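Data block below; observations after.
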Amino acid sequence: MPRFVDRVVIHARAGSGGNGCASVHREKFKPLGGPDGGNGGRGGSIVFVVDPQVHTLLDFHFHPHISAPSGKQGMGNNRDGAAGADLEVKVPDGTVVLDENGRLLADLVGAGTRFEAAAGGRGGLGNAALASRARKAPGFALLGEPGETRELTLELKTVADVGLIGFPSAGKSSLVSAISAAKPKIADYPFTTLVPNLGVVSAGEHTFTVADVPGLIPGASAGRGLGLDFLRHIERCAVLVHVIDCATADPGRDPISDIDALEAELAAYTPTLQGDVTLGDLTERPRAVVLNKIDVPEARELAEFVRDEIAERGWPVFLVSTVAREGLQPLIFGLWQMISEYQSAQPEIVPRRPVIRPVPVDDSGFRVEPDPRQPGAFVVSGARPERWVRQTNFDNDEAVGYLADRLARLGVEEELLRLGARPGCAVTIGDMTFDWEPQTPAGQQVVLSGRGTDARLERTERVGAAERKAARRQRRTGDDAERGTTERGENT
C-alpha cells in the first residue's frame with residue numbers, strides 16, 4: 001500500500017441549491033393570504049484548506065470523489081431552506097491545483113490558505129419572491145441550480161529551502177541524516193529513496209529545510225526513472241545542491257560529467273509553476289556542489305583535482321564525508337548564506353488589490369449564433385439565459401411562460417428573428433433544446449388563468465412589440481372614452 005502520494009486526480013461535486021416552494025397561505029379568517037413559498041437553500045461549496053499536519057495526498061488516492069451537501073428545499077409560511085454547509089478539505093502545504101486541461105488554478109502555500117474548488121449552486125426562488133403586480137400569486141417556483149462539478153488534479157510540491165539532487169546512491173539521504181534529525185532509509189543499492197525526505201537543519205540561530213528527492217538519471221525530464229515524478233519537488237527550492245559521488249566505480253562517470261548530466265535535466269524540465277515570478281527557472285536558481293565520500297582516499301584525491309574547475313562556474317564547492325562527519329558545518333552555514341542572499345534578492349510580493357469590473361450598460365448578457373452542428377438551428381449562450389433554463393420546471397406551463405417573458409425582456413426573441421430564425425427551428429440554451437415557435441406571445445401582460453398554467457401557450461398568433469404598443473394605446477383610448485361618457489351622464 002502506498003504511503004506517500006504526491007499526485008492524484010479527484011472529482012469534486014459541489015452541492016446543488018434547494019428548490020423554491022410554490023405555496024399559498026391558508027389561515028382561518030385570512031382570505032386571499034397570497035403566496036408564501038420560501039426560497040431554497042444555497043448548496044455547499046468545496047474548499048481546499050492548507051493544514052500543516054497533513055503531509056501527503058494519500059487520502060485522495062483512496063477517496064477520489066468529494067461531494068458537498070445540497071441546500072434544503074423551501075417550505076410554506078415563508079420558510080427558507082437551510083443552506084448546505086461548505087465542505088473544507090485539508091491538503092498539504094505546497095499543493096498545486098490544476099484543471100482537467102492542466103491549467104494552474106491555485107498554488108496553496110502557507111497554513112490556512114483557502115481555495116474554493118467548486119462553487120455550490122444557488123437556491124431557487126419561492127413563489128413569494130416571484131410575486132409581482134402582474135403575477136400576484138405565482139403557481140410555480142424556481143428550481144435550485146446544480147452545483148459545480150469539476151475534475152481536478154492535485155500535485156504536491158515540497159516546500160523546502162534546499163533541494164538535494166544527484167545520481168542514485170550519491171549519498172543524498174546520508175547527507176540529510178547527517179545534517180538534520182531526519183531518518184530516511186539508507187542502503188547500498190540504487191533508488192533506495194522512493195519518496196522525498198525532508199529535514200530541518202539548524203545554522204546557529206537560524207533554521208532551514210532540506211529536501212532529498214529520488215536519484216536522477218539521464219532522461220529523467222522525459223520520464224526515465226523516478227525523476228519526472230519527483231522533479232516537481234524542487235520547484236520551490238531556493239538553492240539546488242548537486243551531490244556528487246566521488247567514489248563511484250561506474251565506467252564513464254566522473255564529477256564533471258555528472259554535473260553536466262544533472263544540469264541538462266534541469267534545463268529540459270518545464271516547471272508547472274513557471275508563471276510564478278518569485279520562483280523563476282530551475283537553471284536560474286543558486287547552486288552549490290557537494291563532493292561526497294571523501295573519506296575514501298581516491299575520492300578525496302579526485303575531489304581536490306576537480307574542485308577548482310567546478311568553482312570556475314561560480315558555484316560554491318564543499319568537500320564532505322557523511323561517514324566521518326567531515327565538512328558538514330561549512331556546508332550548513334554556506335547553504336544558509338546562499339538562502340539568505342537569494343531571498344533578499346527576490347522582489348517584494350505586493351498583495352493583489354481586488355479589481356471590480358462592472359458589466360457595461362450596453363452588454364446584453366447573451367449571444368445568439370448559428371449552430372455549426374445543425375443547419376438552420378441556433379445556440380443561445382450567456383450566463384443569465386443558461387441559468388434561467390436550469391432553474392425552470394418544464395412540467396409547469398406557468399413556469400415556462402415566465403421563462404419566455406424573461407427571455408423576451410432580455411431580447412433573445414428579437415435577436416432570433418433578426419438572424420432569420422423560422423418557426424420550428426431548434427434553439428439550444430445550455431443543455432436544453434427547444435423547437436422555437438415565434439407565435440408564442442411573450443413579454444405581454446399576464447392573462448388570468450389557473451395556477452400552474454399559462455393561457456398564452458394555447459394561442460397561435462404572435463404579438464410583437466408594435467402590436468403590444470398599439471394595444472396599450474387602444475386601452476388608454478377606451479378608458480378615456482368611458483370616462484367622458486360617465487361625465488356627460490352626470491351633467492345631464
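Just so it is clear, glycine is given a Cβ too, placed from its N, Cα and C backbone atoms.
Annotated features, as they stand in Swiss-Prot:
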DOMAIN    2-159  domain 'Obg'
DOMAIN    160-340  domain 'OBG-type G'
BINDING   166-173, 191-195, 212-215, 292-295, 321-323  GTP binding site
BINDING   Ser173, Thr193  Mg(2+) binding site
DOMAIN    358-438  domain 'OCT'
REGION    441-492  region 'Disordered'
COMPBIAS  453-469  compositional bias 'Basic and acidic residues'
COMPBIAS  476-492  compositional bias 'Basic and acidic residues'
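A simple Cβ count within 10 Å picks out one of the binding-site residues Ser173, Ser321 as the most packed, and that one is Ser173.
Counting residues of the domain 'OCT' (358-438) by DSSP class, helix then strand then coil, yields 29 helix, 16 strand, 36 coil. One residue stands out among the binding-site residues Lys172, Lys293 for having the most other Cβ atoms within 10 Å of its Cβ: Lys172. Within 10 Å of the Cβ of Pro214 (GTP binding site) there are 25 other Cβ atoms, across all protein chains. Of the listed binding-site residues Gly166, Ser169, the Cβ environment within 10 Å is emptiest of other Cβ atoms at Ser169.
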